[in-house]
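**Student:** For reference, the structure I am asking about is given below.
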Amino acid sequence: MPDSCCFQMDSGVSEPGEQDLTEAGAEQELRWLDLGSEEALGAGTQGPSTPQAWGHLLQAVWKGHTGLVTQLLRQGASVEERDGAGRTPLHLAVLRGHVSLVRLLLQRGAQVGAADRAGRTPLHEAAWHGPSRVAELLLRRGAPANARCLAGLTPLHWAAALGRTLMVGHLLAAPHPGPTAADARGWTAGHWAAAGGQMAVLELLGANGGARLDSVLLVAAAAGRATALRLLLAQGAPVDARDGVGATVLGVAAGLGRRQDMEVLLEHGADPSLTDRHGRSALHRAAAGGHLLAVQLLAAWGAEVDSQDLLGLTPLHHAARGGHIEVTGHLLDRGAEINAAGWLHKTPLHLAMEHGHGPTAELLLSRGASPTLRTRWGDMAQDLWPALCGEQEES
């Protein structure tokens, strides 16, 4: 629920369906709940986590009926009742944004850190759905800001992913907020904010030391968040940060064809000559992906068109193997060696033919590729041509 709604809900003006009930009204509502439950049981179509299958207290909380909730608690209803998903009345009150019920349940001893079957606490629900006023209330009552669900996500992860800046501020101000805590995939709140392009949250996390700038920069590049890249670089992120296989941020962006991101990185000093653990440069990655605009940009910035990876393959090899005819043509225009011998002495023409890319092979032949050069096993590209032509005719 947006933060802008929370003040209206807690201003003393009842929202529809949340008015206090008289004792008579409560009894009438209780009978209605009985009828609804009986109808649901008779239908047999509702699961254990749907309102129709809940007990009276959970249903009353879901509908925001403060008077009925009060009566049920007086009659001995358990404040720790659970639905089929393991959620307590407090979870549901937070989820629905019923601030007055959140207060009431806490006053009646509801466990502020109770976790459902997915490991989510009421504070997780507040970070995802609820008004910021609810989060403040939960935190004042000692809700653990660093609680993790089964996926390893804290409330801060959720709030950051959604760009809920005010909520993030509340969570960062709490004891042990865990801004550097990583989830099951190794992502911090900063990673989630970068993936979603949540600029205000990124600024806030950066000011609080909650962002691992190198890996967050990689996420921003993979997600195509050019504005986030600029912010992170301004905060001191290393422009040539590397991922687990040694690819630089520029390499990641190039492999995905993110030209705008690449421009930002190059303007901030990214080195196009750096390679990953396999010896592949950003140009290798762009060529392999068939990203013509990325290839053109890197070539214009001086990327070496004949650089070889650990298998001896050049960007032209990668383009030919993928059948990326426009990229192949552009690399040739930039002076790429057409008969470069790579792994097993294979040329770009060998790879184009082996992988069934007739048009690319024809382009290479028209530009002077030799059909008679042999691989280490003695194979010539021209020997593959009849088979390739046969495949094309069949298709």
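Glycine is no exception: its Cβ is also placed from the backbone N, Cα and C atoms.
According to Swiss-Prot, the feature repeat 'ANK 1' maps to 52-81. Annotation comment: Swiss-Prot describes 85-114 as repeat 'ANK 2'. Annotation comment: Swiss-Prot describes 118-147 as repeat 'ANK 3'. The feature repeat 'ANK 4' is assigned by Swiss-Prot to 151-180. The repeat 'ANK 5' annotation in Swiss-Prot covers 185-212. Sequence annotations record features per position, and here Swiss-Prot assigns repeat 'ANK 6' to 213-241. Sequence annotations record features per position, and here Swiss-Prot assigns repeat 'ANK 7' to 245-274. According to Swiss-Prot, the feature repeat 'ANK 8' maps to 278-307. The annotation repeat 'ANK 9' is assigned in Swiss-Prot to 311-340. Annotation comment: Swiss-Prot describes 344-373 as repeat 'ANK 10'.
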**Student:** Please list the DSSP helix, strand and coil residue counts for the repeat 'ANK 2' (85-114).
**Tutor:** 17 helix, 0 strand, 13 coil
**Student:** How about long-range neighbours of the repeat 'ANK 4' (151-180): same chain, 6 or more residues beyond its ends, C-beta under 8 Å?
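**Tutor:** Contacts of the repeat 'ANK 4' (151-180) (Cβ under 8 Å, skipping residues fewer than 6 from its ends): 3, 118-119, 121, 123-124, 126-128, 132, 135-136, 139, 144-145, 187-190, 192-193, 195-196, 198, 200-201, 204-205, 208-212.
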**Student:** Could you give the number of helix, strand and coil residues in the repeat 'ANK 1' (52-81) as assigned by DSSP?
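**Tutor:** Result for the repeat 'ANK 1' (52-81), in helix, strand, coil order: 19 helix, 0 strand, 11 coil.
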